[in-house]
Amino acid sequence: MQQLQNIIETAFERRAEITPANADTITREAVNQVIALLDSGALRVAEKIDGQWVTHQWLKKAVLLSFRINDNQVIEGAESRYFDKVPMKFANYDEARFQKEGFRVVPPAAVRQGAFIARNTVLMPSYVNIGAYVDEGTMVDTWATVGSCAQIGKNVHLSGGVGIGGVLEPLQANPTIIEDNCFIGARSEIVEGVIVEEGSVISMGVYIGQSTKIYDRETGEVHYGRVPAGSVVVSGNLPSKDGKYSLYCAVIVKKVDAKTRGKVGINELLRTID
């Protein structure tokens, strides 16, 4: 694996010179191997190690290099045709392979090659970008978007129209992460490498980026870039220092544990916020 990483790192340093016409065989094979490993879930752009999320920047570099070495090509797609550098993940799937991998794909859901989809996942008409990782038992609902390199945990529900931000550039940026057993309400947006920790519930229409204040009304604490585990979050406002105006924020209205979540439905958690 180290040799593969070295090839990617070296090629990335001269990426401006690389074109589909002049890409050397070693680089091309290395990039294609990484994309295949991402596609199968053998590698992932970010993973939790000793309780901390670690981003493997060299894998992002490989994804970016894939855009340099590949030319646009016509892509067949049922009622339409497309023209892009990245093939579709399911282009060569037959019924046997779908059965073996054990997930459902509802037309016209689109998944790019280099994204991993785990067993028992359901993809309604949605979009999953290259480098993304969608773990077991997750529902990606209608018109939801999973951005490039985003990491989605087990048993997550991404409701209709949810946007999970992608991150290929800037290179140092970390991917957006939704941990296990989270619920993201309809039309919410989680972007810019924000981490929603395990068991959290995000209400409908909540927008969270790195600069969004995440206010815990029980403690008065303000978080940035991270929703603590077990949080129930709704959209809200905080007053300015001079009291003349208010600015948007996300509000943690309560904390719940796994036992409570098991007994109480998502709708009840969101409706009883007083």
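Keep in mind that glycine also has a Cβ here, set from the backbone N, Cα and C atoms.
In Swiss-Prot this protein carries:
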- Arg104, Asp141: substrate binding site (BINDING)
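Residues near Arg104 (substrate binding site) in space but far in sequence (CB under 8 A, at least 6 apart, same chain), listed by position: Thr121, Val122, Leu123. Sequence-distant neighbours of Asp141 (substrate binding site) (same chain, 6+ residues apart, CB-CB distance under 8 A): Met124, Ser126, His157, Leu158, Ser159, Gly160, Gly161, Val162, Ala186. Secondary structure at Arg104 (substrate binding site), taken from DSSP and collapsed to helix, strand or coil, is strand.
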